[in-house]
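If you check TrEMBL, you get these features:
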TRANSMEM  6-22  transmembrane segment
TRANSMEM  34-55  transmembrane segment
TRANSMEM  61-82  transmembrane segment
TRANSMEM  94-113  transmembrane segment
TRANSMEM  119-139  transmembrane segment
TRANSMEM  160-180  transmembrane segment
TRANSMEM  192-214  transmembrane segment
TRANSMEM  226-248  transmembrane segment
TRANSMEM  254-275  transmembrane segment
TRANSMEM  282-305  transmembrane segment
Amino acid sequence: MDLIISKLIPLLIILLIGVLLQKSKDITPKVINGLKFIILKISLPAVLFFAFSNVTLEVRYSLLFILIFLFCCFLYLIGYFLKPKLKYEYTAEYFTGFEFGMLGVALFSSIWGVENLPIIALVALGHEVFIWFVYAPLLQYKSSHEVHMLQSFISFLKSPIIISIFAGIIVNILDLYPLINSSVLGGSIFNTLNILSVITVPLILIVVGYSIRLKETNWLASVKLVAIRFLTVMVVGIGTYYLILLLVGEIDELFLKAFFAFILLPPPFILPIMMKKDSDEILFFSNTIIIYTLWSFICFVGLMLL
């Protein structure tokens with residue numbers, strides 16, 4: 001219990017700093033957007049490069065990639081069929097996807113160590129492809145009735161996060177890490193990336209804390225939707241977990257916690273941002289995702305106790 005508290009309190013303190021910064025006149029949304037830019041374009045790619053350059057890669061993990069991708073697709077279909085009953089236009093998009101980059105990395109690496117981040121990164125890889133080539137295009141089509149797959153593919157290839165993942169995989173497969181690290185220049189580059197990766201967790205938590213702004217809306221409906229998605233994800237997730245064990249086999253002793261840490265995450269933060277600008281559901285889903293984020297923190301505490 002002492003170990004759990006010692007890991008949890010720093011997270012809550014940094015998160016609280018983000019919340020308190022809402023009162024500062026110097027810290028504006030523009031400043032927070034600048035921090036997001038640093039996270040998504042610089043520090044998070046550095047973290048993911050190290051994760052994929054050091055993880056143990058096996059051919060059978062390609063099946064894990066496919067299963068996670070299908071898991072996300074299946075959740076979307078469930079949301080799609082629940083849409084007439086729940087009566088929200090963006091029900092399907094809410095039911096699938098997980099905020100790995102702006103929350104999962106920070107929580108998992110803080111609690112179980114940066115050295116274990118490659119385990120949850122393996123789970124997230126299929127999800128990232130789903131977000132880029134299924135989730136985002138569907139949201140784009142709903143907003144503008146147009147889908148630019150070529151543009152999405154080019155953006156995918158140009159994304160610093162994707163570049164860092166593929167660079168890490170190449171370095172890993174070719175076993176280049178020791179060779180590069182042994183040179184003065186290569187070692188210096190790796191040290192630079194390591195320094196950049198250290199700032200990722202506190203920056204993410206500050207941004208998340210700053211973003212926790214609950215506004216007047218239908219609270220009961222939000223809590224109800226959080227509960228329905230959570231139960232749905234858990235039921236489908238448990239089935240997917242055992243399917244992974246059956247088809248892929250044992251991956252790591254920490255894989256159980258890595259998998260459930262992943263599916264406990266809230267829906268993608270980009271959902272309200274990519275909605276139609278005139279949608280009357282933007283405020284509702286923004287609040288619902290914030291509530292889900294707070295619930296995710298509570299669930300992570302429970303996962304730590306297992």
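Yeah, the Cβs are placed from backbone N, Cα and C, and that goes for glycine too.
TrEMBL does not curate its annotations; it predicts them automatically.
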Highest-contact recorded stretch vs the transmembrane segment (34-55), from 61-82, 192-214, 254-275, CB pairs under 8 Å: 192-214
Residues from the same chain, set at least six apart from the ends of the transmembrane segment (192-214), whose C-beta lies under 8 A from its own: 11, 14-22, 27, 32, 35-36, 38-39, 42-44, 46-47, 49-50, 102-103, 105-106, 109-110, 114, 269, 287, 290-291, 293-294
Tertiary contacts of the transmembrane segment (6-22) (same chain, 6+ residues out, Cβ under 8 Å): 106-107, 110-111, 201-202, 205-213, 301, 304
Chain residues outside the transmembrane segment (119-139) and at least six past its termini with a C-beta under 8 angstroms from it: 48, 51-52, 55, 61, 64-69, 71-73, 76, 92-93, 96-98, 100, 104, 108, 147-149, 152-153, 155-156, 159, 161-162, 165, 251-252, 254-255, 258-259, 261-262, 268, 270-271, 274-275
Same-chain residues near the transmembrane segment (226-248), Cβ under 8 Å, at least 6 residues beyond its ends: 60-61, 63-64, 67-68, 71, 74-75, 78, 82, 86, 94-95, 256, 259-260, 263, 267, 288, 291-292, 295
Other parts of the chain folded back onto the transmembrane segment (61-82), taken as Cβ under 8 Å at six or more residues beyond its ends: 91-97, 122-127, 129-130, 134-135, 138, 228, 232-233, 236-237, 240, 243-244, 247-248, 251
